[in-house]
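The compositional bias 'Low complexity' annotation in TrEMBL covers 204-221. What TrEMBL lists as compositional bias 'Polar residues' is 231-241. Annotation source TrEMBL lists domain 'MARVEL' at 27-177. For 191-248, the entry in TrEMBL reads region 'Disordered'. TrEMBL lists 34-56, 76-98, 110-135, 155-173 with the feature transmembrane segment.
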Amino acid sequence: MEETGGVGGASAYGASLAGGGFDFHKFAKQPHTIVRFLSWIFSIVVFSCITAEGFVNKSHSPDAHCVFNQNDSACHYAVGIGVIAFLACFFFLLLDAYMPLMSNAKERKYAVMADLGFSVVWTFLWFVCFCLLTSQWSRTIDVRGIPKDAARSAIAFSFFSIATWGILTYFALGRYRRGVADVTQSIYAESPPEQHTPYPPTYAPSAYTPTTYSPYPSSAPDDFQQPPFTPSTITTTQPQGEYQPPNY
């Protein structure tokens, strides 16, 4: 569905329709922009602490190992998650800035869905990273020569990243729901449903008066009523005198 203008303050998927231009101050004050910038900073802290001071070598060994219980996989995992989160935050910041310039609602839908999916996955991966670093740090016995502040900072900011990416997931889900509602509303505005006359038609109370009937039986005389049945008297004449047979 093509959207061709921003008339009446209409919006789709959390951004005004195409044609409104880019407002940097409004973009910078948006909640999801602030939280995404914080996620960007937290990812920098995590992978920079590990890459700078996360690998140390013992006095008797020239090889450097991870400060988290000498588990190199834990450090590599945290660095990888942090670097990808850093690049993703930068990419989605540019995508949010470009969103008002998109004229196609499907493109906006795909952008919001990508933001939602990535935020859900990285919330889970940051949770795994926090649990892994905390577990390996608690098992680290010999902490001599280990920069403790860097290790603790990596653990703390991995925990903060769980919160920020969870908030980004919530914001992305809200933008997706609002976008679906805005598109549905615009479709109904362009082609409203047909109005049908109810059948049968309704009448006003004064337009129809029911017929009243007199109660039955009525006291008025009924011309069609038959008279009561009276038995008729039939008189038979008996012959006087004795019976005389006929003469042949």
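Glycine residues also receive a Cβ, built from the backbone N, Cα and C atoms like all the rest.
A Cβ distance under 8 Å defines the sequence-distant neighbours of the transmembrane segment (110-135), meaning residues of its chain 6+ beyond its ends; these are 13-14, 46, 68, 74, 77-78, 81, 84-85, 88, 92, 95, 99, 102, 151, 154-155, 158-159, 161-162, 165-166, 168-169, 172-173, 175-176, 179.
Predicted-model confidence for the domain 'MARVEL' (27-177) is 92, expressed as mean pLDDT.
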